[in-house]
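J.: Before I ask anything, let me first share the structure, which is written out below as structure tokens.
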Amino acid sequence: METTVRKQKKNVETKKPSIYSLQIHEMQDWLKEQGEPKFRAGQIFDWLYKKRVKNYEDMSNLSKGLRDKLSNSFDITTLNTLVKQTSSDGTIKFLFQLYDGYSIETVLMRHEYGNSICVTTQVGCRIGCTFCASTLGGLKRNLEAGEIVAQVVEVQRALDETEERVSSLVVMGIGEPFDNYDNLMGFLRITNHEKGLHIGARHMTVSTSGIIPKIYKFAEEELQINFAISLHAPNSELRSKLMPINRAYKLPDLMEAIKYYVNRTGRRITFEYGLFGGENDQVEHAEELAALLKGVKCHVNLIPVNYVPERDYVRTPREQIFLFEKTLKDRGVNVTIRREQGHDIDAACGQLRAKERKEETR
């Protein structure tokens, strides 16, 4: 089922900072500048993240003067829902319009253990992975922290209708998260904070294609967030073909950074490995992958790829997927095959946005 909403006009000239970009201490600092007590920050966050109001007038325990100051300083309406697709398995894909007319995707996935959301960090992507729809059209801009936070808020509002909640999230949507590092970290801290969305750090996962300097930086952060690497190949030659970023950040150097992260944090790392028919899915690839990961505290997530019309890759046959998994297991690698969701909608990352861009150019 698909629901489509009319687009809003661009409103670039009147753009104010999003209130969802502010961490609690930043809100306290702003209140101090306004001559307001800092305990109001907790009240404001309660309205934003617990009651999830859509306008300042609903913040009834704040004075009209403070509500006016908030309205004059910060946008509270960040996203406009353009399209909402619901899969037969309960997966929901949202296409949101931003203030400047660009669109982004967010996906809600339902699991036995709860509801997970996949968020976007950029409008487009500059990494150029040859199998990904997100890179079509290149990178337009980074999202502000508040635009990432607002994705979770909007999806949670949709879940409020059925008294459900977002229990976990993955930063695996459109864009390279580490290419927007500061806004990513602001988002994670707001999302994790008890006064914010209060999603536990161990229920959040950040994925990167392998920007090595940011991996070292991420290892020093004081957040116990799960970490994943988009690997997709067991050697440099094949990875450079699939992921041009490997030409800048070589696989041996990436593995050194990963080992540093694991040793520094003590946390297990996840390797995402998309299976592309005839490209990286043979037994010899599995054997090479097992050798590459030997001694690394890790888990491999095998991903049967979604078909993207603009790309030439095909799905690996089911029996070959199981053989690849068995080859890894026989060599002591912790591995699972990712459950497919949203297969009957535009579920691959960037597909719905690419479809929307095509409509715009007609």
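Any Cβ shown, glycine's included, is placed from N, Cα and C.
As listed in Swiss-Prot for this protein:
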- Glu105: active site, proton acceptor (ACT_SITE)
- 111-344: domain 'Radical SAM core' (DOMAIN)
- Cys118-Cys349: disulfide bond (DISULFID)
- Cys125, Cys129, Cys132: [4Fe-4S] cluster binding site (BINDING)
- Cys349: active site, S-methylcysteine intermediate (ACT_SITE)
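Give me the local environment of each listed feature.
T.: DSSP assigns Glu105 (active site, proton acceptor) to a strand segment in the three-state reduction.
Cys118 (disulfide bond): 23 other CB atoms within 10 A of its CB, across all protein chains.
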J.: Can you grab the distance from Cys129 ([4Fe-4S] cluster binding site) over to Cys118 (disulfide bond)? Cα atoms, rounded to a whole Å.
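T.: Cys129 ([4Fe-4S] cluster binding site) and Cys118 (disulfide bond) have their Cα atoms 19 Å apart.
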J.: Any idea what DSSP makes of Cys118 (disulfide bond), helix, strand or coil?
T.: strand
J.: Please give the average pLDDT for the domain 'Radical SAM core' (111-344) in this predicted model.
T.: 95
J.: For the binding-site residues Cys125, Cys129, Cys132, work out the Cβ neighbour count at 10 Å and name the residue with the minimum.
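T.: Looking at the binding-site residues Cys125, Cys129, Cys132, the Cβ with the fewest others within 10 Å is that of Cys129.
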J.: Cα distance, Cys118 (disulfide bond) to Cys132 ([4Fe-4S] cluster binding site), nearest Å?
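T.: On Cα coordinates alone, these residues lie 16 Å apart.
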J.: Please report the distance from the Cα of Cys125 ([4Fe-4S] cluster binding site) to the Cα of Cys118 (disulfide bond), rounded to the nearest angstrom.
T.: 16
